[in-house]
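Chemist: Quick one: the structure is below, and I'll ask about it shortly.
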Amino acid sequence: MAWSPPATFSLFLLLLGQPPLSRPQSLGTTKLRLVGPESKPEEGRLEVLHQGQWGTVCDDSFALQEATVACRQLGFEAALTWAHSAKYGQGEGPIWLDNVRCVGTESSLDQCGSNGWGVSDCSHSEDVGVICHPRRHRGYLSETVSNALGPQGRRLEEVRLKPILASAKQHSPVTEGAVEVKYEGHWRQVCDQGWTMNNSRVVCGMLGFPSEVPVDSHYYRKVWDLKMRDPKSRLKSLTNKNSFWIHQVTCLGTEPHMANCQVQVAPVRGKLQPACPGGMHAVVSCVAGPRFRPPKTKPQRKGSRAEELRVRLRSGAQVGEGRVEVLVNHQWGTVCDHRWNLISASVVCRQLGFGSAREALFGARLGQGLGPIHLSEVRCRGYERTLSDCPALEGSQNGCQHENDAAVRCNVPNMGFQNQVRLAGGRIPEEGLLEVQVEVNGVPRWGSVCSENWGLTEAMVACRQLGLGFAIHAHKETWYWSGMPRAQEVVMSGVRCSGTELALQQCQRHGPVHCSHGGGRFLAGVSCMDSAPDLVMNAQLVQETAYLEDRPLSQLYCAHEENCLSKSADHMDWPYGYRRLLRFSTQIYNLGRTDFRPKTGRESWVWHQCHRHYHSIEVFTHYDLLTLNGSKVAEGHKASFCLEDTNCPTGLQRRYACANFGEQGVTVGCWDTYRHDIDCQWVDITDVGPGNYIFQVIVNPHYEVAESDFSNNMIQCRCKYDGHRVWLHNCHTGNSYPASAELSLEQEQRLRNNLI
């Protein structure tokens, strides 16, 4: 008979200033779980944890108000109904509660009236079940592996592979070896009797690997027998002790953690029976995802790579985490968190080349997306190859908003990179002089990094390698931080990263170290943070507001002073004549998790007399008109701005305003709007001839301020200019469509005619 693991849930809820139902629980004895179908975590037999043991609840006097309290305690918005007479099967152990009587406003089930703990005249044929609304409560943060485990799971802490073959010992990460489980603080090996590929799948997922392959069991048996016959080997004496073994593990293959499997630590008859008679340790071989394979490994076949690109993670602080986005009808969109759980999250993680999910996050915990919400109520069973194989509703069918965007944190392999970098001298653990370990003449050596060419992209890789999230500053002078005495030599220079590397050691760098500054005060340092802003432009607004204006030179003196016109304007007979301007509005949202603030303080801001305000960032956006092959035909206007909250959604207060030398920035969830009719909100196309072009806007182009996702900082539009009129269409953020989704210019008849 197949064993179905219970779906248990954390009771940790945020205090959001809402009704007391969102308070975190203070009593450890009131943890609840639902035992039911894996694909429906919102329903099942109701069980209560008391005195370290799970028990059931009797259905006597149980009604909707009691179910509502239980569902809210489990993190759901409300209860739909309840089920009597052990609809979800009879439980085991004590019946902890009977005649439960709630008003409906209690924050946990133990606050309701009852006969008392363990006082019941019921049998397990009267175990009650509940069916909750699948939507999570706003205060419910995530479903994690740690809170999906019962008392047994708390003792199964970690899993690792102990390499046996010489080739496996040299492999990084370790993908093949004997399974070892940390049980109550001690490492044990698992008996191979009854071991299945489903068990291997769960172990590989925990270690960050998406799949598993069979091992040569006959060869490993020979190695085992040789060791058992060796009189000098300690293995034989160790295997005679039951404390050396985990007796038996039975998994379905969909569990995110071995503790969700049926684990039998010792034989049923206890210490008198051997734990692994005639057996050996279980051996597992895992397959690493593409990012974690050695460079010489053969590339994946094209079909599977194309399938992988239909899902992606965005705005995560670490590798293997982020907001889930899927590609549907050639456009990227998000996934709603209704019914989102570890099973579905694990399908995403494995599809992307990671292991199983260690956390399924709700409520846009890793930032809100922009654009369509493609999927809702995703119901994976755990065996699916891709998220598109799972049943789901369209996101628009049940009123999802981007505040419900789902996210994941996946298990990733331990590559050892975090042990090859450290910070020294900082005031806090998240900042300091960067020190790295590299091989010098075959010997590992610690040293510093030359700050020449050091920028925010390289700092981002360093912070991620350190496990500290995003870089907020890339320091080029670090004389105020003292490094470790034995690591003062420069061992890395000319570092150039693309931003996707797992470690600085994977970035391009000089062969022989060459640091023209000579080290000293010019060494690389970083300041890291676990969250960051994320600026995204409203592409549709640009498309809808674009038009041409022939503006007299007499009205362009200020704009000319601020270099908002093409160079040819310098040679005109001022104030006679005009410039032809492509004007448009922009709306820039901050969809990240922290406010977007200028890099420099007020003392460095520049006063612009013409427009009579301070500019906190001199190069905030680039506006360009390009040919279809990418050559610039209109000089890109490098716009300088005053940053402020133009508008915020209901419930959020504007925090930043330019007036009266006010603080500048964009609050999380708010947006800064630059109307088409203000100075410099244009591209000067006076010298451009008729033709087909690409109109492009890039925000934060020099990465002066850190963001969680730079890939959405650009919008592009197709542009047709006939000398009198202009058409913009297919405006989209730089990563919202694949290249193949560009639409043809023949659709221009459906577009708005923007006349001069």
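Just so it is clear, glycine is given a Cβ too, placed from its N, Cα and C backbone atoms.
Found this in TrEMBL, in case it helps:
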DISULFID  CYS58-CYS122  disulfide bond
DISULFID  CYS71-CYS132  disulfide bond
DISULFID  CYS102-CYS112  disulfide bond
DISULFID  CYS251-CYS261  disulfide bond
DISULFID  CYS336-CYS400  disulfide bond
DISULFID  CYS349-CYS410  disulfide bond
DISULFID  CYS380-CYS390  disulfide bond
DISULFID  CYS497-CYS507  disulfide bond
DOMAIN    32-133  domain 'SRCR'
DOMAIN    159-287  domain 'SRCR'
DOMAIN    311-411  domain 'SRCR'
DOMAIN    421-529  domain 'SRCR'
SIGNAL    1-24  signal peptide
Chemist: I'm a bit unsure how to read this: which one of 159-287, 311-411, 421-529 has the highest number of Cβ pairs shorter than 8 Å with the domain 'SRCR' (32-133)?
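Modeler: Stretch with maximum Cβ contacts: 311-411.
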Chemist: To the nearest whole angstrom, what is the C-alpha distance linking CYS400 (disulfide bond) and CYS132 (disulfide bond)?
Modeler: 18
Chemist: Note the mean pLDDT of the domain 'SRCR' (421-529), expressed as a whole number.
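Modeler: PLDDT averaged over the stretch: 89.
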Chemist: Got a sec? Which of these disulfide-bonded residues, CYS102, CYS112, CYS336, CYS507, has the most Cβ atoms within 10 Å?
Modeler: CYS336
Chemist: Can you figure out which of CYS102, CYS112, CYS132 (the disulfide-bonded residues) comes closest in space to CYS251 (disulfide bond), comparing Cα atoms?
Modeler: CYS132
Chemist: List nothing but the one residue from CYS71, CYS390 whose Cβ has the fewest other Cβ atoms within 10 Å; the candidates are the disulfide-bonded residues.
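Modeler: Fewest other Cβ atoms within 10 Å, among the disulfide-bonded residues CYS71, CYS390, is found for CYS390.
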Chemist: Using C-alpha atoms, which one of the disulfide-bonded residues CYS122, CYS261, CYS336, CYS349 comes nearest to CYS507 (disulfide bond)?
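Modeler: Smallest Cα separation from CYS507 (disulfide bond) among CYS122, CYS261, CYS336, CYS349: CYS349.
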Chemist: Whole-number Å distance between the CA of CYS102 (disulfide bond) and the CA of CYS336 (disulfide bond)?
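Modeler: Here the two Cα atoms are 32 Å apart.
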Chemist: Looking only at the domain 'SRCR' (159-287), what are its DSSP counts of helix, strand and coil residues?
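Modeler: Going by DSSP assignments, the domain 'SRCR' (159-287) contains 41 helix, 35 strand, 53 coil.
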Chemist: Using Cα coordinates, what distance in whole Å links CYS390 (disulfide bond) and CYS410 (disulfide bond)?
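Modeler: Pair distance, Cα basis, whole Å: 19 Å.
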Chemist: Among all the protein chains here, how many other CB atoms are within 10 A of the CB of CYS122 (disulfide bond)?
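Modeler: Taking all protein chains shown, CYS122 (disulfide bond) has 18 Cβ neighbours within 10 Å.
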Chemist: If we check Cα distances from CYS261 (disulfide bond), which of the disulfide-bonded residues CYS112, CYS122, CYS132, CYS336 wins as closest?
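Modeler: The smallest Cα gap between CYS261 (disulfide bond) and any of the disulfide-bonded residues is with CYS132.
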Chemist: Can you figure out which of CYS71, CYS132, CYS336, CYS380 (the disulfide-bonded residues) comes closest in space to CYS349 (disulfide bond), comparing Cα atoms?
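Modeler: So, of the listed disulfide-bonded residues, the one sitting closest to CYS349 (disulfide bond) is CYS380.
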Chemist: Which ones in the same chain are close to CYS410 (disulfide bond), with CB under 8 Å and 6+ residues apart in sequence?
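Modeler: Spatial neighbours, sequence-distant, of CYS410 (disulfide bond): GLY208, GLY320, GLU321, ALA345, VAL348, CYS349, LEU352, PHE354, GLY355, SER356, ALA357, ARG358.
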Chemist: Which residues of the same chain, at least 6 positions away in sequence, have a Cβ lying under 8 Å from the Cβ of CYS132 (disulfide bond)?
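Modeler: Spatial neighbours, sequence-distant, of CYS132 (disulfide bond): LEU34, GLU42, GLU43, ALA67, ALA70, CYS71, LEU74, PHE76, GLU77, ALA78, ALA79, LEU80.
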Chemist: Write down the Cα-Cα distance for CYS112 (disulfide bond) and CYS336 (disulfide bond), rounded and given in Å.
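Modeler: Pair distance, Cα basis, whole Å: 33 Å.
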Chemist: Could you check which of the disulfide-bonded residues (CYS112, CYS380, CYS497) sits closest to CYS58 (disulfide bond), going Cα to Cα?
Modeler: CYS112
